There are 2 protein chains.
Amino acid sequence: MCSLPVPREPLRRVAVTGGTHGNEMSGVYLARYWLQAPGELQRPSFSAVPVLANPAATAACRRYVGRDLNRTFTSTFLTARAHPDDPYEVTRARELNQLLGPKASDQAFDFILDLHNTTANVGTCLILESASNVFAMHLCRHLQLQSPEPPCRVFLYQMPREETFSIDSVAKNGMVLELGPQPQGVLRADLLTRARALVAAALDFIQLFNQGTAFPAFEMEAYGTVSIVDFPRTDAGDLAGAVHPQLQDQDFQPLLPGAPIFQLFSGKDVLYEGGPTTYPAFINEAAYYEKGIAFFQTEKLTFSVPALPALAPAPTPAP
Amino acid sequence: MCSLPVPREPLRRVAVTGGTHGNEMSGVYLARYWLQAPGELQRPSFSAVPVLANPAATAACRRYVGRDLNRTFTSTFLTARAHPDDPYEVTRARELNQLLGPKASDQAFDFILDLHNTTANVGTCLILESASNVFAMHLCRHLQLQSPEPPCRVFLYQMPREETFSIDSVAKNGMVLELGPQPQGVLRADLLTRARALVAAALDFIQLFNQGTAFPAFEMEAYGTVSIVDFPRTDAGDLAGAVHPQLQDQDFQPLLPGAPIFQLFSGKDVLYEGGPTTYPAFINEAAYYEKGIAFFQTEKLTFSVPALPALAPAPTPAP
């Protein structure tokens, strides 16, 4: 594993973003609440900044109004010259890049924790770009130990040689907290409570690191993206069937060759003909219909994560 | 019970409408499928017409694009002079009124069965204007006997002295089939299969009636709307809390005074202070946030439904 550099200074500039997708309600309402009552995000060594990432989409209770904000933090969008016809989210990504970045600069925030919901039955899913982010892998481990039920699974979203594109990629370190299932536009108190507890645990971890705690090496399972699978479609491009009842809600469970994956409207089943066992994730997520994704195929991997060394104590100020 | 007249002729003109709300996917995809393969809607005495009720909202995967189509079939909208600034759904309601009505005329369709989904945990919910519709109450009874699991509950939506406003009110008789929970924009194969089976059973019932079957009197429980309950809100009108975890998903279960109904973001619980036991329905439906409805309060009622007499046999044509 090629490790990214670990922080050598305390993380002082931390943001918790919600409403990056305007109809994912845990983050929308937590961000709004914290903007009124920020005390919950304070720790002795830092105060996390709450950010309502996509106010226009939140007001419309839609994922986005122009284009998916969480696919817009690439150099193409962030560095192009502004144009009056830019979609709202392109303009907003540039604003957020100024507020929280600039991406890949020394001025960027130290950490962004971005809150999401999915209609898929993923439970608690911690999403990282890759396993090479040692600090974030330690944070995941901390959350797994703090919140053993339901299991916190780690999902590595980035495909090889793909540029990062999500809001958390603007900071030096980041993570996405994805809770499901929750319908778009619905706020479930159970998921809100879980998101809130996980954010608190994440901030506690940063506080522990900032005050000089070292974290030992460990091994961790994570699910890495292999490919995506689209729905069966008619010649005109419409859906020809739905996710099979035997696959629905079975996120992160092994899918064996020969198992049914779709049920066509004609009544016929479509079977999984892939080679090895795969672990489907984000099965039947509402927002992915338009992206041509019925589910992700992932592989279960085990990573050896090196120790996270303690920060050197800050020099004692002269009396 | 003041009974509406029962049909005295066979029901020949029957429609099954889907996509009245463009993000309720069982109806959207069944209507689309039947438009390509209408054989499933044929019976010896009639062929039901499939209708995709709101194509623009369906294309956008939204409940509506201008205003809620299923609140637009009132005399005000149907009879007003057309105007270029009319919302799409007002224009579409007039088109559907021409196709399936005109409402309250002799030319109107005999029956409309309208397919819906909800994010609430209502299971199978059969929605009628009122219990005075004897034909529809017999249809409900037939579906309850055909589909005992999960229970088919009957919900009477209309408040006293309220004008009917939904698409099925355009026909002489009608019913809404509401299945949940299903997120907006998601197609679940289990709910699709259940909707399809219930439509088939409804068409079979009409066929039985058309061929001269009589149906005896019975008693039936149904849930009648008493009032609506809004979410707790801040002074600015934003949500101040969520449906309490103890109430979430408990549609049609008795709610006793003193039980928690909301959990405020501050952590405090809000208790049900109403008088008698109520039966909440459509708890935490996504589309009702904007309508100020956290749930309906209903009362459980028992109705004596008179027999549905057999149609007189048609005169035998002369040889």
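A Cβ is built for glycine as well, from the same backbone N, Cα and C atoms used for every other residue.
Automatic prediction, not curation, is the source of TrEMBL annotations.
If you check TrEMBL, you get these features:
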- B:11-206: domain 'Succinylglutamate desuccinylase/Aspartoacylase catalytic' (DOMAIN)
- B:His21, B:Glu24, B:His116: Zn(2+) binding site (BINDING)
- B:Glu178: active site, proton donor/acceptor (ACT_SITE)
- B:219-300: domain 'AstE/AspA barrel-sandwich hybrid' (DOMAIN)
### Message
Quick check: with B:His21, B:Glu24, B:His116 left out, which same-chain residues have Cβ atoms within 8 Å of the centroid of the Zn(2+) site Cβ atoms?
### Response
B:Gly19, B:Thr20, B:Asn23, B:Gly27, B:Arg63, B:Asn70, B:Leu115, B:Asn117, B:Thr118, B:Glu178
#### Entry: Averaged pLDDT score, the domain 'Succinylglutamate desuccinylase/Aspartoacylase catalytic' (B:11-206)
96
### Query
Which residue, out of the recorded positions B:Glu24, B:Glu178, shows the minimum number of other Cβ atoms inside 10 Å of its Cβ in this structure?
B:Glu178
### Task
Taking the Cβ of B:His116 (Zn(2+) binding site) as the reference point, list residues of the same chain whose Cβ is under 8 angstroms away and which are at least six residues distant in sequence.
B:Thr20, B:His21, B:Glu24, B:Gly27, B:Ile127, B:Val176, B:Leu177, B:Glu178, B:Leu179
### Message
Give me the count of other Cβ atoms within 10 A of the Cβ belonging to B:His21 (Zn(2+) binding site).
### Response
26
